C-alpha cells in the first residue's frame, strides 16, 4: 500500500543548491553547469593546481591503500573458506556418527581380500577389567606421540581410544547374524553389503593429537617399578659393554653377534616406550637413525629377523608415530623378500640382506613349519602401511598352501616342510614345542588381526586345538597337572618344552574373542602347570624342558628334569600367559606368580655389573652355572610382559586394539576402512 501511494503522487521533485565559486558565475555568464564534462574539467584544474610533491604524496597513499586492501581481502577469504569447510565437515561427521568428536584419529584401514565367503565378525565383549584393589595402581599409559617432541610421557593412549569409539559406533549400526559354529564356538558376524575389495589402502600416519576425554593417569605401582629397575640394570650392561651389537655377555663384559644388527636394542625399543623410559628410548632412536644399516653382506634368519627386527620397528612406529621406524621397516622388509623365491613359494630359512639372495640351511632343503608360518602378522602389516601388496601376498600364499596339505593329524602339523616340493617332511611327529609352536599361535592372531574375517585360519586353529585335546593332553602324578606332551609315530611322550607355555595365553585370547568357553577352562589348567614348572624347581626357575610323571611314585614330584634340559634362557612364555590370564580374569594370583618369577630372576640371574644371564642349572641354587649370555627377548618380551602383568590398566596395550606378535611386539588390529 505504501509503495503504491508513492507511485501515484508522481515523480519526486529534485532541489539543488548552487554555490557560486567565481566571478563569472556571480554575474550570470554561462550560468550553473553540473554536467560530467564540467565536473571533470573542474577536478583536473584542482589537480593541476597542486604542487608536484602534493600529487606524489596522494598517489603514494592511494597505491598503499590499494595494496593493503588486496592483502586484507585475500586473508579474509581464506579464513572464511576454512571456517566454511570445517563447519561442513563437522556436520557430515555428526550425521554419520552422532555425538562423536574426533581429535585427528589414526584410523587403521584393513586390507581386504576378494573372498566373499569371509564374514565380518562382530566386536565381542571388551576386556574384563581386573578387580579393583583397595588403592588403584597401575602404570603410566601411552599416547601415540613421538617422545622427542614431547616434554613428558603422557598417561593415556588417547588417539587409539578415538579409533575405538569410531569402530564401536560403526558396529552398533550393523545387523548381527550367526555365521560359524565350530565344535561349541559360535561367532556372531556383522553383515557386509558388498564383497571386500582386494585393493590394499594406505592408512593415515599415527596421530599425535590428544583426545579431549583424557582419563585420569594411573600411577605406576611398586611391582612395576621393580620391572623398570630390572630393565635399567639390563640396559646398563648392554649400553656399557655391547652397545649396537646383538647380545650382551654380562659376565665377560663383552658381546656376541648373530646378525650384527643390534638385535637387543631393536627388540627393546617398544619396551622402553611402554615403560616410559624416555631418555633410554631417545638414545636408542639416535642409534637407529645414524648406525642401523641393512646394506650388509650378512646372512640372517628369515623368521628371527622378521619377528625381532621387522616386528620391533613396526610396533615402535605405531606407538611413537615416528616415520623413521617405518622407513627402516620398509628397508628390511624388502631385503627379506628374496626368501620367497622358491619353487613352492615356501620361503628359505636364510637371506643375505646385502646381496639379495636366499638359501636353505646347509644340511637340508627343509624349513621349519613354525618359521614359515609365523612371519605373517609382520608382513601383512607392512603391506597395510605401505600399500604394497607383495608382502602380504607372499605370506598369504604360504598359509593357503599349508591349509591344503596332507600329513596333518586332526589339525596338528609336522615340524618340517620342503621348500622345493612344498610338502611336509618327517611325518608322524607332532609337538607344540620348538619348530611348530607359533604356527598355532599365528593362526589365531592372524584371524584377530584381520578383523575375524578369514575363516580358513579360524577353522585350522579350532581343528588344531581339538587335535591337542585328543592326542597331546595328559595328566601327571601326583598332583594331576594337565600338560601338553608330544606324539611320535603313535607313541606319546610326556615331554613338554617351556615354549609350550605360550598356549594358555593363546587359548585365553581366543576365548576372549568369542571362541569356545572350554578353551578358557583349559587355559586355566595349563597355566597352573606352567607355574608348577617353576615352583617345583629348587631355584624357582623353569628348565627349558620337563618330563612329567604319568605314574605315582613315592618321593617324586610331577616334574622330572634331565641334565641336558635344566638350563634357563630367561624365556617369556609363562609370564606372557600370566599376563593374558590376569588381563581377562582379574585374578591376582597370576600377578603373584609373576612376582615370584621376577624375584627369582633377580636372585639367580642378575649380574652386579649390569645385565642378566641365562643359567645352566636351575636345580642348584648355590651354583646355577651362569652361561654369560642375555638373550634379546629378555628385554623385548620377558620384562615387557612382566610390566603389563603388574598393571591394572587395561588400556595399557589394550587387547581389543592390539595383537602381539610372537616376539611381544604389539601391532594394531585392523578396523574396516
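The count begins at 1 with the first shown residue.
Cβ coordinates come from backbone N, Cα and C, glycine included.
According to TrEMBL:
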- 304: active site, proton donor (ACT_SITE)
- 437: active site (ACT_SITE)
- 544: active site, proton donor (ACT_SITE)
- 573: active site (ACT_SITE)
- 662: Ca(2+) binding site (BINDING)
- 115-125: compositional bias 'Basic and acidic residues' (COMPBIAS)
- 199-216: compositional bias 'Basic and acidic residues' (COMPBIAS)
- 501-530: disulfide bond (DISULFID)
- 85-148: region 'Disordered' (REGION)
- 183-216: region 'Disordered' (REGION)
- 56-76: transmembrane segment (TRANSMEM)
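Residue 573 (active site) sits 5 Å from residue 501 (disulfide bond), counting Cα to Cα. Of all Cβ atoms in the protein chains displayed, 17 besides its own lie within 10 Å of the Cβ of residue 304 (active site, proton donor).
With respect to Cβ neighbours within 10 Å, the active-site residues 437, 544, 573 differ, and 544 shows the lowest count. Using a 10 Å Cβ-Cβ cutoff, residue 662 (Ca(2+) binding site) registers 25 neighbours. Residue 501 (disulfide bond) has none of the recorded positions 304, 544, 662 nearby, counting only those with a Cα within 10 angstroms of its own Cα. The Cβ of residue 530 (disulfide bond) has 28 other Cβ atoms within 10 Å, all protein chains considered.
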